[in-house]
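Student: This is the structure, below, for whatever I ask next.
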Amino acid sequence: MKTIEPEVNLALAAEHGLNAEEYQKIQEVLGRTPTFTELGIFSVMWSEHCSYKNSIAVLKTLPREGEALLTGAGEENAGLVDIGDNLAVAFKIESHNHPSAVEPYQGAATGVGGIHRDIFTMGARPVASLNSLRFGSPKDPRVRYLVDGVVRGIGDYGNSFGVPTVGGEIYFEDCYTGNPLVNAMSVGIVEHHKTVSATAEGEGNPVLIVGSSTGRDGIHGATFASEDLSEASEDKRPSVQVGDPFAEKLLLEATLEAIATGYVAGLQDMGAAGITSSTSEMSARGIEKNGNGGITIDLDLVPAREAGMSAYEIMLSESQERMLIVAEKGHEDDIIAVYRKWDVQAVVVGTVTSDNHVKVLHHGELVADIPAESLVLGGGAPVYIREAVGKKPDTAPAALLPDAGLDLRALALELLKRPNIASKRWVYRQYDSMVQTNTVTPVGHTDAAVIRIRGTKKGLAMKTDCNSRYVYLNPLAGGRIAVAECARNIACSGARPLAITNCLNFGNPYKPEVYFQFKTSVQGMGDACRAFNTPVTGGNVSFYNESTHGGGRAAIYPTPTIGMIGLLDDIDNLVGSAFTTAGDAIILFGDPLLKLEGSEFQVMQYGTPGTDAPDIDLQHEKNLQDLLVTLAEQKLLHSAHDVSDGGLFVTLAEKAIMDESRQLGFQVDLEDCGSGPYRVQEQLFSEAQGRVVGTIAPDAARAVIEEAIRHSVPVRVIGQVVPADASLAVDGHETLRFTTEELTAAYYDALENALHLNELL
């Protein structure tokens, strides 16, 4: 029965998120008015989520070349980096923000599933998962609901799928109350000769859909992700996909076995925009690679979960756990047999053509006929450069009180209880971090997560990071710091930083101040990546992260989340974060100008982050990274932990108590600290960049100092590790003294209390 379709006109195009200029361009491309199905195809492919139309011009300024890169940014489903021994790492980070705002459990779960599919469609087996999460204040009951749903969704999907969740970060700021951020990262390993391209090539080659049946879930999910959240967004729960980790596990194993047959010519995940994006993007890559390509697909052959689905619905469905395969002609039955073995559907639905078009048949009629390149990023999709106007942060400078008027000991303990500082144990204990048995240390015991690479002596380090408060206060410095802190964490673990992926979360790009934040923070990221020789392999842009919750429309803090990988040539060089041995000397690398601007302490004590971010010296950061890796290779570092959120006091406290099986204490005396009235606050709580606290054997001090001098990194001994308890002095004057027990109680219980006992700590 023929589906009755609405009349296609400018008004209907506007309902699909297309402006008048874009609708006119579609008519010019086709030479006619589009069909309803074609309008739907253009609307999702030209959405911000798929086309990057407001961001691609800026993204092209990032460094995208490096000796170890095997694919360029955006060329495939994920970045691919050579790590030697005929092995490569595939890795990528993506957002699932809007779905998680309206349906936190499924939104987060399908975010995890989708990013893993991007990895194994390249032939790589996922070996690790990380995440980066942002929520509003834990005082808000809905925020607690969102946190619970997101954490359970990540944990349930990852645990069931069998990939360890080894790291991540979580922050709480009021600006995320109505618009949480859920960024998921997957890392996989593949032998060079087993990689697969997301390309449609070989005229006459059969095209197969494998995996789950197609339903009505997720229709216009890409469009939903390309608009502002509002109170009406709750009505868009049908745009949120529903995931099945057990189905994806079967799909993974079947796909890797199918690739091993040698009969898979091309492979693409069906993520945003489903069949539409996979057919369009694979066709366009075929044209780019060979000069011709295209796919003709018959929707009558697509396994449908629901009866009576229209061509529009089938093409735009974002049902999960599906992929598109181009098989070598004559071997499609071999591919189908592999999937049947794993009880996974595999059906031939079309063929590769050479006419450079995506053609869609339904009930014997041609319902879409579109030039493939007109649909995709880098082809005919629109590209815009928006107005960018800098705006001073809407925050006040802090009126600091002299040290003498403050109970700094009480404030230090209170700082440990802050949700942004306190242990995230309640979160990561819901994740299986040890499945696959490659995870080297428990979560949080190293500054970067590290897994062993089987069959080699190597280790793979990985980290996600971004302090969005810094980016809000100073987009250029904040973008640089996001990359620098990731690299610093990688180096603290003993690994050399290799490359990054990014997930750029911002507000509405049509607002000049938001586009300025985006453009300027990307510039900062690029500066840092060039300084560290860590090219960008790809990633994701998520605009329109604004909401009407809280009495007015407001954008989130600009949040360019960085995902980074690094390599340990010898896993025995791994360095942990925590103190290891009583009697060790405590050393501080780095000696920047200390100020409280942007710090968690300043927000807690003075109610404002101030008006600027910490300073950042990229050359010093690179020197520090090289020094840390050198010291790890020389087996001179017993531990290393970077100074970041909460400042030096929090770093020392974490080093003392983070290994719950072996807690130690410290005695530290900070000398030559000047005479300013705020010097103790600045020494203990400044988040000045480029600093790391390490521990070494006392007799190694000379060798370490000499190596630091060779690397042009300031270093000084500030104390020693003791069996228990802690004391901190500034210029010989006792300021703080703690028991191990009270540090532990403050740090480990606070977040769970805040989330479940309605206490904002």
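Glycine too: its Cβ is placed from the backbone N, Cα and C atoms.
Below, the features straight out of Swiss-Prot:
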ACT_SITE  H49  active site
ACT_SITE  H96  active site, proton acceptor
BINDING   Y52, K92, N502, G539  ATP binding site
BINDING   E94, N540  Mg(2+) 1 binding site
BINDING   S95, H96, N97, H98, R117, Q241, E318, S319, Q320, S542  substrate binding site
BINDING   D118, D269  Mg(2+) 2 binding site
Student: Identify, among the binding-site residues S95, N97, Q320, N502, N540, the residue whose Cβ has the fewest other Cβ atoms within 10 Å in this structure.
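Tutor: Selected from the binding-site residues S95, N97, Q320, N502, N540 on minimum Cβ neighbours within 10 Å: N540.
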Student: Compute the centroid of the Cβ atoms of Y52, K92, N502, G539, then list the same-chain residues not in that set whose Cβ lies within 8 Å of it, in sequence order, for the ATP site.
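Tutor: Close Cβ neighbours, site residues excluded: L59, A73, I93, E94, T501, C503, L504, V536, G538, N540, V541.
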Student: Round to the nearest Å and give the CA-to-CA distance linking H96 (active site, proton acceptor) with Q320 (substrate binding site).
Tutor: 14
Student: Would you identify the secondary structure of K92 (ATP binding site) according to DSSP, in three states?
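Tutor: Reduced to three states, the DSSP call for K92 (ATP binding site) is strand.
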Student: Can you tell me the three-state DSSP label for E318 (substrate binding site)?
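Tutor: Coil, per DSSP.
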Student: Take the C-alpha atoms of G539 (ATP binding site) and D269 (Mg(2+) 2 binding site) and report the distance between them in angstrom, rounded.
Tutor: 15
Student: In whole Å, could you give the widest CA to CA gap in the ATP site formed by Y52, K92, N502, G539?
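Tutor: Site span for ATP, by Cα atoms: 16 Å.
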Student: Sort N540 (Mg(2+) 1 binding site) into helix, strand or coil using the DSSP assignment.
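Tutor: Assignment for N540 (Mg(2+) 1 binding site) reads strand.
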Student: Roughly how many Å lie between the Cα atoms of S95 (substrate binding site) and Y52 (ATP binding site), rounded to a whole value?
Tutor: 14
Student: Work through the binding-site residues one by one (E94, E318) and point out the residue whose CB has the fewest other CB atoms within 10 angstroms.
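Tutor: Among the binding-site residues E94, E318, the lowest count of other Cβ atoms within 10 Å belongs to E94.
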Student: Look at the binding-site residues D118, D269 and tell me which residue has the greatest number of other C-beta atoms within 10 angstroms of its C-beta.
Tutor: D269
Student: Long-range same-chain neighbours of Y52 (ATP binding site), Cβ under 8 Å, sequence gap at least 6?
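Tutor: Looking at Cβ-Cβ distances below 8 Å from Y52 (ATP binding site), excluding near sequence neighbours, one finds L59, L377, A381, V541.
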Student: Is any of the recorded positions H49, K92, N97, D269, Q320, N502 within 10 Å of N540 (Mg(2+) 1 binding site) (Cα-Cα), and if so, which, in sequence order?
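Tutor: Near N540 (Mg(2+) 1 binding site) by Cα: H49, K92, N502.
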Student: Quiz question: given the recorded positions K92, H96, which has the greatest number of C-beta atoms lying within 10 angstroms of its own C-beta?
Tutor: H96
